[in-house]
Amino acid sequence: MNTLSPTTDHAITEAPWIKWSLIGLALSFLALFLVLPLAVVLYGAFEAGINVWWQAITDPDALAAIRLTLLVLIIVVPTNAIFGVAIAWAIAKFEFRGKTLLISIIDMPFAISPVVVGLIFVILFGAQGWFGPWLAAHDLKVIFAVPGIIIVIMFGTLPFVARELIPLMQQQGKDEEEASLTLGANGLKTFWYVTLPNIKWGLLYGVILCNARAMGEFGAVAVVSGRIRGETNTMPLHIEVLYNEYMFTAAFAVSSLLTGLALVTIVLKSMVEWKDERKHKTH
Amino acid sequence: MGKAVMKSVLPGFGITLGFSVLYLSLLFLLPVAGLFLFTLQMSWADFWVAISHPQVVASYKLSFAASFIGATINAVFGTLVAWVLVRYQFLGKKVVDALVDLPFALPTAVAGIALVTLYSTTGWVGQYLYLWGIKVAYSEIGVVIALTYIGLPFVVRTVQPVLADFSKELEEASASLGASRFTTIRRVILPAVLPALLTGYALAFAKAVGEYGSVIFISGNLPYRTEITPLLIVSKAEQYDYNGAAAIGVVMLAAAFILLLIINSLQWWASKRG
């Protein structure tokens, strides 16, 4: 490295004043766009004291919204995780026609506006939609009811686990699974003891992202929910209703719960990335 | 027959592929096709009236212009943030790095009410801008702020790994051949990150065009002025004007698929360059 003269060394870094100006500018931008919104939510939630905050989140309508959001998560996250594992298994371990097409289809739900997702299902299952009359005749309700909310959130968070697992499992190949089968283990045992330990961090990562998006989904739910208090309001919709009724403190109180979960999401995501990086380095 | 067995000894192909394709078809492909079929029931004249009404056209202009400005702000500052995170050491860097994902993790409705509270004429930021005569909440600027916010992670997260992988030796070579630091950045580093930068730009733009939750609070939804296109879809659906909503929805779907095509081409270009 003695060929590096001080002048070239200077030429591949910036002068300290430039460096610190760039850091200052970047941090100011992030403070304005990331930290201030966080701060205003927490300030708004606790400004009137912890008792008011507690009242707002234990209000019956708020509790109903929390319960509905949890119900949605319990159904949507495992379903999309199973789909993610299944499609990643098929794509990573086998060769078949149309594979490239299938991979590009998985990305599509990301590109579609949430309100269009909601609209699609209103047109299918709404009172004047394709299946509306049939559903009404059988006394089934999808739109302005819980099933519609679950379906649109499932659609909106469809790709998360699959997108994490497909490249990971493609990279890992199928040698280990083949060895396990040759040694006499059956397919399920091979998946459980060989594949799953290999993909667990990627799977967890996808589940965290899927969960974060599912709890916060708003545009699609806004179209299909009908905002029936205590029945079809998820937490984000409850926040909207409170805000539009000028109950700002209550709106921020419920927001603070989701904000807390968002922060937990970020911490978990960083931890998984850190774990994953360490694993790559030790290999 | 023998060949098919030779290809893989692993089990579960039929059931995993069958389940995946069925799930994708029922939840995604058939419903999207349903929307297209629904608009086919409309006459061309009705469809055209629905998508070219002046109020709707005003919303396209706002949605695309604000998304464009937001994505451009993110291209500049996102590259700056990625550069600072990759190249410099400072206290709290890990926390800052993790925080970049916040717009992705924070529910959009929460972001929406936080932004309008910050930027209203009495808000922490808005009151000072108002002294200068700048009204952010309930104006076009508010829409740009919200769309900048939700697009923030995209450019950072696409440019960051490319910068991290970039070989310092290329910079040294450039410098030892007599290039100034500015020339090295412009002629050596920038071309290397350009495909990733454009990918992040397109992702931020595509996300912004369809965004709803973080915008509707700060925009104030003034007809012909601060109504974004997704808002018109929601209000038409709420008034049971399914034809009008579906027609605009098809326009948005078409725009989304075109953007997706552009993004895929950019990613292909980026992977060829890498």
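Cβ from N, Cα, C; glycine included.
Under the heading domain 'ABC transmembrane type-1', TrEMBL lists A:66-269.
Per TrEMBL, the feature transmembrane segment maps to A:20-46 (among others). Beyond the ends of the transmembrane segment (A:20-46), by six or more residues, the same chain brings 14, 53, 248-249, 251-253, 255-256, 259 to within a C-beta distance below 8 angstroms of the stretch.
The annotation transmembrane segment is assigned in TrEMBL to A:66-89 (among others). If you look at the transmembrane segment (A:66-89), the same-chain residues 6 or more away from its ends with a CB under 8 A from one of its CBs are 57, 102, 106, 146, 149-150, 153-154, 157-158, 160-166, 168-169, 191, 195, 199, 203, 206-207, 210-211, 214-215, 231-235, 257.
Sequence-distant contacts of the transmembrane segment (A:101-130) (same chain, at least 6 residues past either end, Cβ-Cβ under 8 Å): 87, 91, 136, 142-143, 148, 151-152, 155-156, 158-159, 162-163, 166, 217-224. Per TrEMBL, the feature transmembrane segment maps to A:101-130 (among others).
The transmembrane segment feature in TrEMBL is assigned to A:142-162 (among others).
Residues annotated as transmembrane segment in TrEMBL: A:203-226 (among others).
Sequence-distant contacts of the transmembrane segment (A:246-268) (same chain, six or more residues past either end, CB-CB distance under 8 Å): 38, 41-48, 52-53, 56-57, 59, 62, 65-66, 208-209, 211-212, 215-216, 235-236, 238-239. TrEMBL lists A:246-268 (among others) with the feature transmembrane segment.
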